[in-house]
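The feature transmembrane segment is assigned by TrEMBL to 20-39, 59-83, 103-131, 166-187, 207-228, 319-349, 369-394, 414-432. The coiled coil annotation in TrEMBL covers 282-312.
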Amino acid sequence: MEGQDEVSAREQHFHSQVRESTICFLLFAILYIVSYFIITRYKRKSDEQEDEDAIVNRISLFLSTFTLAVSAGAVLLLPFSIISNEILLSFPQNYYIQWLNGSLIHGLWNLASLFSNLCLFVLMPFAFFFLESEGFAGLKKTKVKGENQLEEGYEKGIRARILETLVMLILLALLILGIVWVASALIDNDAASMESLYDLWEFYLPYLYSCISLMGCLLLLLCTPVGLSRMFTVMGQLLVKPTILEDLDEQIYIITLEEEALQRRLNGLHCCVWAFSSCGLSSSVEHNITELEQELDNVKTLKTKLERRKKASAWERNLVYPAVMVLLLIETSISVLLVACNILCLLVDETAMPKGTRGPGIGNASLSAFGFVGAALEIILIFYLMVSSVVGFYSLRFFGNFIPKKDDTTMTKIIGNCVSILVLSSALPVMSRTLGLHKLHLSDTSRDSETAKPSANGHQKAL
């Protein structure tokens, strides 16, 4: 009987592992497909010719899509954990949700952490250096004729660029390790500190990722207030404003006359450009033509907005815009109120400090005093925080050039956007927990029964 029980337990463990792997694969496949469509919407359209640069761009596109999917998974994982906890509390014995357990949540968090490290330290640097590489001089492909020889030349060129990229990554890793070694020797020059430098995999890589998360938290603290103030402006640009004491027909008529006048002036300058070129005045005429073309584009854009406002229904003009603005005001007020209450609790009550203690675990107790409604509110605020941080990030002057444009975004800019979103998404759980937007303990899993053990160099790390 004991042997049969042991076999049954192993079978259940095997089936649970297969089920969790299948669920993780399906979820990531959905995120990858959605991320691919998002990136291809903004990626600059290239020629259909199959050459070496096209192959390099395609590989960089796949790596960027993988990174964006990991970022989306990191953003969705915290709301997924909160809603899973409430579902398990509401239906504890339901047969159809037995797959939703602490083991699955723990595995998803581990995969998110692993893939975030992989994308941040390996895939994205590889994609950037691979995109900018040209291959070593002795390994570059030569111009050949014939399809077979051309394909062989492409393969040699790709291999040369991969080799150069790997060399650049190795040199970058040695540079970072050298800087860490020198800094450690200058700050703390003792035997234990120098010995800890050899504990690369178990201490310094997780510590480096924690530093990246800290940088992401600081970036979130900088971007979120800007995003909260910019959300009203952005939504005002996307939605149709109510027409109060405005005559849209008259405005469209005036803007149409202005467009026709600019078009006539532009046609006249195009006709006279050849006459002015003989007199040496072509440069000034071309400058005037450029200014008129830019002004004409602005007029056309304004005309399009006015026509959109005219075609909008009365419900869209008079109901959607005020409702969205009121909703944004309520969400911003609740977020500020929760953050203020959390800061007050931290100042008054020492037990409210996040000391890394374990909570009740997934499916054992509700994370909100209001139950399912409170959990839904927490999820909405978390998404609102993320959207506000992204809006604030692109609103900063230093990152203004990172804004992607439809069908006109280079792969280098796409890689920069993917890295930025990955850093922000990695810091979102810690940031929202610190601000008091949720009470989920990120270490609460069904496998956290092991205690913290000291590593070989004396550092304390949690397994």
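Even glycines carry a Cβ here, placed using N, Cα and C.
Where the annotation comes from TrEMBL, it is an automatic prediction and has not been curated.
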Answer with yes or no whether the transmembrane segment (414-432) touches the transmembrane segment (207-228) by the criterion of at least three Cβ pairs under 8 A, sequence separation 6 or more.
yes
Over the coiled coil (282-312), what does the predicted model average in pLDDT?
75
For the transmembrane segment (414-432), which partner among 20-39, 59-83, 103-131, 369-394 gives the most CB pairs under 8 Å?
59-83
Name the range, of those listed as 20-39, 59-83, 103-131, 369-394, that has the largest tally of Cβ pairs under 8 Å with the transmembrane segment (319-349).
369-394
Under 8 Å, at least 3 Cβ pairs, sequence separation 6 or more: does that hold for the transmembrane segment (369-394) versus the transmembrane segment (59-83)?
yes
Using Cβ atoms and a strict cutoff of less than 8 Å, what residues sit near the transmembrane segment (103-131) while being 6 or more residues removed from its termini?
16, 20, 23-24, 27, 56-57, 59-60, 63-64, 66-67, 70, 73-74, 77, 80-81, 84, 161-162, 164-165, 168-169, 172, 205, 208-209, 212, 362, 411-412, 415, 418-419, 422-423, 426, 442, 445-448
